[in-house]
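Pulled from TrEMBL, these are the features on record:
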| type | residues | note |
| --- | --- | --- |
| TRANSMEM | 12-29 | transmembrane segment |
| TRANSMEM | 49-72 | transmembrane segment |
| TRANSMEM | 84-105 | transmembrane segment |
| TRANSMEM | 117-142 | transmembrane segment |
| TRANSMEM | 171-192 | transmembrane segment |
| TRANSMEM | 198-219 | transmembrane segment |
| TRANSMEM | 290-314 | transmembrane segment |
| TRANSMEM | 320-343 | transmembrane segment |
| TRANSMEM | 355-376 | transmembrane segment |
| TRANSMEM | 382-404 | transmembrane segment |
| TRANSMEM | 448-468 | transmembrane segment |
Amino acid sequence: MLKQRQPLSFPPSLLNYLYVGHFLARWGARMWEFSVGLYMINVWPDSLALAAAYGVVESASTALFGPVVGRLVDKFTYIKVLRLWLLSQNFSFMIAGGTVVALLLYEDVKSENFIVFLSFILLINISGAVGVLSTLAGTILVEREWVVVISEGQHPGVLTKMNATIRRIDLVCKLFAPVVSGFIISFVSLTASALTLAIWNILSVCLQYWLLMSVYNGIPALSESSQKRVYRSLPTDSERSSLTDESRNSHCLGDNDLEPLGHGWMRKVIERVSRISYFSAWKVYLEQDVVLPGIALALIYCTVLSFGTLMTAALEWQGIPAYTIGIARGISATIGILATFLYPVLESQLSTLRTGLWSIWSQWTCLVVCVASIWVPNKLGAAYLLMGGVALSRLGLWMFDLAVIQQMQDQVPESDRCVVGGVQNSLQSVLDLTTYVMGIIISNPRDFWKLIILSLLVVTLAAVLYSIHIYRVRKHLFHFEKLYPLVRIVFR
């Protein structure tokens, strides 16, 4: 007899509100993510430098401020984070889209007034970076915090199902937003695409806020958790008394007392530095048991083998139409959506750890196809083989992503969850930044094959690091005794 699942302790419609609000936020971010590379390659043809420079600014901002964003999300109430996230994200992408429109309408500005042209580029870069940081705050709030809080006290499969659904929404946006943008660019104009982006962010922000506030007000666990965070951020009585004693002692010290303390100045400097949000956040991250899986996940971002800015610009240079790239990216996202359905099944059969192991190596296998495209003599055939290998690799990539995120949710303490999430995104951006730096160094689209080979080597390192983590935890990688009967059958 099948065991009946325990019903949710809140109206199920609130989960739909959460998913729709998340969808609206991700759609605007995915439209910008796809289109910005095409804007840059059209503004400065025959060079990946401008597209790579934007990638550097975006990734560097997340790398530098990611831990700080994580700290702020952990420090502020849910309501304050929600407001800051939605207003700054939508306003930033609106400015970025409007600036692109101005840049495309005044095509001669580069030759007539280069200072104004650079100002436009700078404004696009800054607005995009602020938008991405705001998106990061929303990602930490929803994916790393609200999902865990909502699933607490529910039946065991709720967390896995919510993780898969949230990732599926992101991939649906990754599927359709590029297709819609690609068709607008190909059959209307780039200007219409940028204008659509700006209008979308103006219209959607109020609906996003209403939906997510409904979720917050309808699920008591969220308001309770938000209140706990406020109390946690306040200094305790012991901390207040220690600060008072320290202040009193510092006033009482005379000239003779200062001399013996001179040798401890280095220790005080180290203590002060360790209290800075950025360094203390990294210290918390490195102390976690899941640090190796986190590093492995971050290494996957150090690759051009995705439908990101550099690969999109390189394919555009090879003569692949924008709508074709959009469709290919959509197929890639469809395979990723399939991964969100397959992951809960594999996780229930294999465990989270082993699902991650099989996923990362299946991704690596598909990326070998991308390297093989280098030696295809036909340029068009090589481009399609490259896109096919990248699309297939998404199955392993997104299952690995879900496996690592769930390990972090299960093993990272509640007090460190937002901080670890911020540092994880910061580390991912550091390695993403490395990709764009390589794109600036190897800026000729003819040399894109070098970036493909480097990307496979980095993914290989990620797979090896995760395998080491699995061996440390489980003391073995595979059940060879179970494989032996299968091998005998094959050879017979």
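Including glycine, each Cβ sits where the backbone N, Cα and C put it.
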Cβ-based contact of the transmembrane segment (355-376) with the transmembrane segment (84-105), 3 or more pairs under 8 Å: no
Sort out the residues at least 6 away from either end of the transmembrane segment (171-192), same chain, that have Cβ-Cβ distances under 8 Å to it, and list them. 23, 26-27, 29-31, 34-35, 38-39, 42, 100-101, 104-105, 307, 321-327, 329-330, 332-334, 336-337, 339-340, 398
For the transmembrane segment (84-105), could you work out the same-chain residues 6 or more beyond its ends whose Cβ comes under 8 Å from its Cβ atoms? 25, 28-29, 32, 36, 39, 42-43, 76, 117, 120-121, 123-124, 127-128, 130-131, 133-135, 137-138, 141, 189-191, 194-198, 201-202, 204-205, 208-209, 212
Of the listed stretches 12-29, 49-72, 290-314, the one with the highest count of C-beta pairs below 8 angstroms to the transmembrane segment (198-219) is 12-29
Sort out the residues at least 6 away from either end of the transmembrane segment (290-314), same chain, that have Cβ-Cβ distances under 8 Å to it, and list them. 33-34, 36-38, 40-41, 48, 51-52, 54-55, 178, 325, 328-329, 332, 356, 360, 363, 367, 370, 386-387, 389-390, 393, 397, 400-401, 403-404, 407-408, 411-412, 420, 424, 427-432, 434-436, 438-439, 445, 448, 451-452, 455-456, 458-459, 461-463, 465-466, 468-469, 472
Among 117-142, 320-343, 382-404, the most Cβ pairs under 8 Å with the transmembrane segment (12-29) come from 117-142
Lying 6 or more residues past either end of the transmembrane segment (382-404) yet within Cβ distance under 8 Å of it, the residues of that chain are 163-164, 167, 171, 290, 293-294, 296-297, 300, 305-307, 311, 315, 318, 320, 325, 328, 331-333, 335-336, 338-340, 342-343, 346-347, 352-353, 355-356, 358-370, 372-374, 376, 452, 466
In terms of Cβ proximity under 8 Å, which residues at least six beyond the ends of the transmembrane segment (117-142) contact it? 18, 22, 25, 29, 32, 36, 39, 43, 50, 53-54, 57-58, 61-62, 65-66, 69-70, 72-73, 78, 81-82, 84-86, 88-89, 92-93, 95-96, 99-100, 102-103, 109-110, 166, 418, 421-422, 425
